[in-house]
Amino acid sequence: FSFTVPPSGCVDCKTGDWHEYLRMDKMVDTIIKLLTDSLVQCTPTYNSTDGNPIPHSTQFLQALPLPSILALALATTTCLATVGLAALQIIYINAYVTHNSRRSLIIFLASTAPFVSMTALVSLFMPRAWFFSHLSGFMYFTLALYVIICLLLNLFEGRRGIQTRLAEQKVSIETSTPPFCCFFPCMPKLPADNRTLGMVEWMVLQAPLIRLLATIVSLFIYFEFNTDGFNALKVIDFLALPSLLIGIYGTHILVTTVSKLEELSSYRYVVVFRLLDFFLAFFGIQHGVFDFFARAGAFGCGMAHLPPLETAFFWKNVLVTIESFLVVLLSTILLQPSRSSFFDKHPSCRNVQSPTSSTVTKETLETVN
C-alpha cells in the first residue's frame, strides 16, 4: 500500500510516500526534519535581490488569489471593528473609573486585543513583518499578565491588604492550579503571608523580563541571519518557555486564591482574567500548530510567492484578528459599566469601595457599636 500526498497544484513540490515516515528507522529523522526543516521540498518562486525568499508587500498583494483577498478583507474588517469597540471601552473607562492608577491598568488590559489584532493585520499586508508581529504580541501578553496582577494589588491597596483579607477569611494560597495541576494534582497549600505573596508576585514579574531579553536576542538574530536563523530562534523560544509557564502559574495561583474573597466578585475581576488567559492560550498554541502543519506539507508550496511557513502564518494571523474581535465583543458584553464595580462613577453601579476600605469601615462601625 502506498499513498502519495498531492502537490496541491505546485509543480515544484517533491513529496515522498507518507508511509515511509511511519517506519521506525525513519521516525527520528522525520521528527528532526519537522523541527528544523520541512517534509515538503519546494523551489522558491520569488527571487529577490537581497536573498530573502519572502516577497515584498507589493509583489505579494499583486499575486494573491481570490480566497486570500477575501480573507484579507475579513481580517481588515474585524480589526477595524476591534479597534472601534476598544476605543469605546477606553472612553467609558476614562469617564467612569475614578482612580488614576487603576484606570491606567484597565486601559492597558483593554488595549491587548486591538494591539494584537493590529500587529497581525500589519503582517498580513507585509509578510516580511510577521516575525516582529509575533514577538510584539507575545511581549504584550506577558506584560498583561503582570498588569492584571498589579490591578489585583490595586484593588486591595497592596500586598498587605491581600494578606490581611486572606488571614481574616483563613484562606491559604492554593498551588494546585493550571498549568501544573494536571501533572501534579496533590500540590500543597501555602500560608498566605507577605513572603509567599511576594514570591508569587515575582513569579509573574520574571515572565515579561525574560521575554523582553528573548525578544531582543531574537530580533538581533533575525536581522542578521533572516530566515537562516529560524533554528536558533526556536531554541530561544524553547528556553524562554519555562519562564512563561512559571508566570502563568503564578498568575493562576494568586487569582485562584484571592477569587475566594466575596468582595472581589462585584468587580468581575475573574472574567477579565479568564478572557486574557484564554486569549493568551489560543495565541500561543496556534502558532505552534500552524508551524507544524506547514512543515508537514499541509499548505503545499505556499501561495502568492510565499513559502509554506509564511503561508501558514498568513492564515494564523487571519484567525488572530477574528479571535481579537471575539475577545473585545465578549468583554464589552460581560464587563458593562452597570455590571462591574470597576466603573465606580457610573450611575447604575453599586457604591462599592475598595475591598480593604470596606473592611476598615466595617471594623470601625463594629468598634463604635
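Positions of Cβ are set from backbone N, Cα and C atoms, glycine also.
Database features (TrEMBL):
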- 69-93: transmembrane segment (TRANSMEM)
- 105-126: transmembrane segment (TRANSMEM)
- 138-156: transmembrane segment (TRANSMEM)
- 202-223: transmembrane segment (TRANSMEM)
- 235-255: transmembrane segment (TRANSMEM)
- 267-285: transmembrane segment (TRANSMEM)
- 313-335: transmembrane segment (TRANSMEM)
- prompt: Which sequence positions outside the transmembrane segment (105-126), separated from its termini by at least 6 residues, show Cβ-Cβ distances below 8 Å to it?
  reply: 57, 61, 72, 75-76, 78-79, 82-83, 86, 89-90, 93-94, 97, 132-134, 136-137, 140-141, 143-144, 147-148, 150-151, 154, 272, 276, 279, 283, 313-314, 317-318, 320-321, 324-325, 327-328, 331, 342
Same-chain residues at least 6 beyond the ends of the transmembrane segment (138-156) whose Cβ lies under 8 Å from its Cβ atoms: 99, 101-102, 105-106, 108-109, 112, 115-116, 162, 165, 201, 204-205, 207-208, 211-212, 215, 244, 247-248, 250-251, 254-255, 258, 264, 267, 269, 272-273, 276, 279-280, 283-284, 354-356
Field: Surrounding residues of the transmembrane segment (313-335) on its own chain - C-beta under 8 Å, 6+ positions past either end
entry: 68, 71-72, 74-75, 78-79, 81-82, 85-86, 88-89, 110, 112-114, 116-117, 120-121, 123-124, 127, 130, 133-134, 137, 268, 271-272, 275, 279, 282-283, 286-287, 290-291, 294, 299, 303, 306, 342
